[in-house]
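Contents: one structure, followed by commentary.
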Amino acid sequence: MRPDEEDGTTKSPGSRWTRIWAIIALILLILFLLVLGAAIYFYINYKDSSDVCLSPGCIKTASVILSSMNSSVDPCDDFYEFACGQWIKGHPIPDDAPSVSNFENLGQDLEFALKELLDENDEPYDYETSAVGKAKYFYNLCLNESEILDNWRTTFDEVVKSFGGWPSLGHQMKPDASIEMLYADMVAKFKADSLFKATVQPDDKNSQRHVLLIDQPQLNLFARDFYVAAENEERMAYLQLIRDVLILLDADRTRATLDAKEIIDFETALANITMADEHRHDIAELYTKITLGEMRRSLPHFNWPLFFNRMFKDLHEKNGKRITFDDNTEVVVYGYEFLRRLDVLIPQYDNRLIVNYLEWCWFFKTMLRDLPDPFALTIFKFYKTLNIMNVQKVRWHGCVTRINSLMPMATSAIYVKNHFDHEAKQQVEEMISLIMESFVDLLLSEDWLTKETKQTAKQKVNEMKRKIGYPDYLNDPAAVNNEYKTFKVYPGHYYQTKFSFYEQYQRDVLERITEAVDRERWVAGAALVNAFYSPNTNEIIFPAGILQPVFYSKDFPSSMNFGGIGVVIGHEITHGFDDRGRLYDNLGNIRQWWDNATISKFEHKAQCIEKQYSSYVLDQINMQINGKSTKGENIADNGGLKQAYRAYKKYEKRHSRPPRLPGVNLTHDQLFFLNYAQIWCGTMNDKEAIRKLRTSEHSPGPIRVKGPLSNSYDFAKAYNCEPGSQMNPREKCRVW
């Protein structure tokens, strides 16, 4: 017997094949595990490479985001610094401005685009019939300093003569000089608003018709505070400016010094009888409708019938009948107490002083700011003292601003033709629908609103008219030409042309007194970086100029567009339900459509916002925010952010998820809030910061980020902020 037979382990041919198959199976298993490991490694490291957008637009967007952020900062500690830290370091304040911001940069980009369009002169200007031709000709007249220096005094002397002379310049006043007639002429021809504002606008209690309106004056310094506070640098610089300008106009030096002091004393007295803006939020309380007859009897020291009839003396109804007013004519007054105090103030000053004040204001607002040297140097010294600028702005900036203000639809026509992304209109339409839908959902879920109030509020949202980009007629040159057919150009004469434009612009406004309100009319041009809610027409307006980065871009993922223009849309919708907008119904009429219990609950919620913002300090100047004067805008910021985010989540469910941005390690929820914050990246010098806190109804940029985000549970969740952290306080405020 063989040894292998003796131990009982003899092997057959089948067992050998079993071993071979086992080896093969082991090899296959090893190969499978290697492939699986490689697949897992690839999945972990490269799974999203197809989900990254590498288009030039996405790369640029990612670059802008990353270059603005300070990622070393904890977003739950200081989100403004996290979002804007590097932007601020990379954007020093320019010498010709007191501040710089993303928002201001957009405005400058738009200005430059208009400049290039107005500079184009491929063919001779048709300033007889073409609106664009008139705008271009006006712009070039404005740039021609030598021609202005040759002609300005002639126009100045003619206007002053029509006023009856300027006493500060040694002109003899007529014994029967009438303040009412002088100021009426200034309002009718130059849009004057220095004694009080007088205009025509829709009646807030009957929004289908126009009405005569009186309101407080627009003072020449930045705010009422600069007059009523103790002696300050702003007022001293303003006094010096008045004196220096009077001397440049050939006034006697001694007389100029005395008159400058009297002018500023009168303006200060005028400021003291006005109401601070923070107390003017309740439009219903301010609104007083009174007849001219009642004004004549109760305010005897100003002849109101004479004033209004003089103001409209050259205006006619469509049937050719002259527009006149009698004792039965109704006037809406915003702040009747101001008029009562004005009636007491006027007799305390002689006519000579009041005429000097009115003519100074006329010159300051209509001529001084676009006269070349030596006047330009004088007003520059004033601005430099106030730290508004350290070098003079290049002249074209002011020229673009003036023509865009006087002929907004002409400049808008060329702007949208060359710079508007027409796809944006359709996309923004969808965003508005979603945001309105989200706001209605929010309204219906609020337990502090009664059922009746919810239904009326829902109706107001659903009937809110939307205007996006520009009015369609801007595509029709003939229609634009027709709008400005009465605007007359005087070749070679800048101020004569400017004043004729002023008068025609104002004529168009005043003639509406006999017409029904046209709800299709745009209240602003399209070449504008801004957005609006109009309460007496219940409409939201988004001009073409704001539909650009950082607010909107077709290269942005949807998260960023909702965090940008989406929040702006939500902000404007919320204005219809803030402390002012809530007073108007769906038709744009002031009436009480909330019951008293609901009003009380609203005011309690709004008070929380006011108290919260009043506790904030702008660290740069260690000065508290005025939570009362900024309350309406703060309510809109908070509500707009919440609505836009909810709308974005709706959008996300209905559309495919956008690809990621290259190199940006943030979720789309995080990008939503980041883009909102980066809109407000900016910096300003200390004096500008003080002016903004005293004059603006908006909180400064850092607070517009901190306030709404610290009230947002959605933000805290997106950035995993612990309760009690700086950006996720346990106590939060919200109205909507």
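Each Cβ is built from the backbone N, Cα and C atoms, and glycine gets one as well.
Over in Swiss-Prot, the protein carries these features:
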- 1-19: topological domain 'Cytoplasmic' (TOPO_DOM)
- 20-40: transmembrane segment (TRANSMEM)
- 52-736: domain 'Peptidase M13' (DOMAIN)
- 103-123: coiled coil (COILED)
- GLU572: active site (ACT_SITE)
- ASP637: active site, proton donor (ACT_SITE)
Cβ-Cβ distance under 8 Å, sequence separation of 6 or more, same chain as the residue listed as 'active site'; the residues meeting this, in order, are ALA531, PHE532, TYR533, ILE540, ILE541, PHE542, ALA636, GLY640
How many neighbouring Cβ atoms, not counting its own, are there within 10 Å of the Cβ of the residue listed as 'active site, proton donor'? 28
Whole-number mean of pLDDT values that fall within the topological domain 'Cytoplasmic' (1-19): 39
Going by DSSP, is the residue listed as 'active site' sitting in a helix, a strand, or coil? helix
